[in-house]
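Engineer: Residues or ranges marked as (6S)-5-formyl-5,6,7,8-tetrahydrofolate binding site by Swiss-Prot on the basis of sequence analysis: R23, E82, K121, K443. Marked as domain 'TrmE-type G' by Swiss-Prot: 215-364. Residues annotated as GTP binding site in Swiss-Prot, with sequence analysis given as evidence: 225-230, 244-250, 269-272. Annotated K(+) binding site per Swiss-Prot: N225, T244, I246, T249, in sequence order. What Swiss-Prot records for S229, T250 is Mg(2+) binding site, and it gives sequence analysis as the kind of evidence.
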Amino acid sequence: MIKNDTIAAIATPPGEGSIAIVRISGPEAIQITDKIFSGSVPSFSSHTAHLGTVSYNGQQIDQTLLLIMRAPRSFTGEDVVELQCHGGYFSCSQILAALIAEGARPALPGEFSQRAFLNGKIDLIQAEAIQNIIAADNLDAFHIAQNHFQGHFSKKVQQISSLIIESLAFIEVLADFPEEEQPDMQEPMNRLHEAILIIDDLIASFDQGQRLAQGTSIVLAGHPNAGKSSLLNALTNKNRAIVTDIPGTTRDILEENWMLQGKRIRLIDSAGQRETHNPIEQEGIERAIAAMEASEAILWVMDASQPPPPLPEILMRKPSLLLWNKSDLATPPHLETTLPQLAVSAKTGAGMIELKQFIQQWMQKQQLGKNGKVFLISSRHHTILQHMRTYLLSAQEGLQSQSPPEFIALELRQALQTTGNLSGSEINETILGEIFSRFCIGK
């Protein structure tokens, strides 16, 4: 990548909209923009806005609002100019073409963020968080990405790095002065133990972070013809599942994404639980059981007009709600259990507001104590931390067995390098290019 030229790109999504933004960054950003803008751009103070027109070859393209951010007080750390024009395809495209004709280069995907990283404005963790913020399709994913972008994950990595450096300095003194009396090894042991605890906490957050980012899984389960598929359709406002009076219609797992107050829920319809000699239906029942085991919560659906069937043991092990569906046909019977119960009707909508409120309250309880916590969602981060942990455990064992300090120092240096792989201070350009190539153009 050429790092000293000036790049330009449209920073807003294509299509109709009230405004579009063209972004320019680099050493010639101000001079190039001055060639097409009606005002004297070099005279503008940093972080000011100016209304004017953009023209090229004697023809006015559009009225624009120009924002100028001089280096180093900009996102990229370079001189940056943004031109806000009317939305749509033609205005921003012609402005971009004029900038390129005057000497700017079309930006590569993620190149603005890559320049911000290379100029020390953000680290690699924060750069990756930008992409995750853009891609977030629910509030949990958005909050996790924002947490990373605000530097909370980076602070954890810096803390680990400091503990490793302190331990390494201690060990290197031993290697340099072997004739001296062996000092107490408890100090580096304590530092390594603290670093490993931080790493373990981060690694342990990965599964939960993935679940939060991908959505909470809730299974609709119960006996045949209780109305599970009807409830799926009613909750999602879609005719997603086939609904008939024939028992055993649902034979496979059916998953639908459902947004509730910004939270993503993976709502799963499953085959009715009963004894059957049909091998296809039996396969569906086994898949339903597996889905319940893998889920985070179960909505156990029962027919209010029928005698209550026995409850499966799994309902006592998982967060579960008993739903008496078809409450428009009959008053639900009394069931002696500690599990919460709710009468609903997928047909009339009765109880559906209460059901949504129950799910929302349950999800809020799951979030208690998680605000501000760092969650991993990247497999890259998870893998690097596992390698880091291996190196530190090896160094810790070396200290305990009084291995040669050179061996321990080698393990610590490798662990330190992995912290650089996370932050980007120790990573090759090929991997960097691969990471930033996933970004959109203009970011």
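The count begins at 1 with the first shown residue.
Backbone N, Cα and C atoms are what each Cβ position is placed from, and that goes for glycine too.
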Engineer: What counts of helix, strand and coil residues does DSSP assign across the domain 'TrmE-type G' (215-364)?
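Structural biologist: Taking the domain 'TrmE-type G' (215-364) as a whole: 42 helix, 37 strand, 71 coil.
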Engineer: Would you mind giving the whole-number mean pLDDT across the domain 'TrmE-type G' (215-364)?
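Structural biologist: Per the prediction, mean pLDDT sits at 82 for the domain 'TrmE-type G' (215-364).
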Engineer: Please determine which of the binding-site residues listed here (N225, S229) has the lowest count of neighbouring CB atoms within 10 Å.
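Structural biologist: Each of the binding-site residues N225, S229 was scored by Cβ atoms within 10 Å; lowest is N225.
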Engineer: Most Cβ neighbours within 10 Å: which of the binding-site residues R23, K121, K228 is it?
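Structural biologist: Result for the most crowded candidate: K228.
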Engineer: Could you find out if DSSP has K443 ((6S)-5-formyl-5,6,7,8-tetrahydrofolate binding site) as helix, strand or coil?
Structural biologist: coil
Engineer: Give the distance between the Cα atoms of E82 ((6S)-5-formyl-5,6,7,8-tetrahydrofolate binding site) and N225 (GTP binding site), rounded to the nearest whole Å.
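Structural biologist: It is 59 Å, counting Cα to Cα.
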Engineer: If you measure every Cα to Cα pair among R23, E82, K121, K443, the residues listed for (6S)-5-formyl-5,6,7,8-tetrahydrofolate, what is the largest value in Å?
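Structural biologist: Output for (6S)-5-formyl-5,6,7,8-tetrahydrofolate binders R23, E82, K121, K443: max Cα distance 18 Å.
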Engineer: By CA distance, which of the binding-site residues (R23, K121, K443) lies nearest to K228 (GTP binding site)?
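Structural biologist: Sorting the binding-site residues by distance from K228 (GTP binding site), the top entry is K443.
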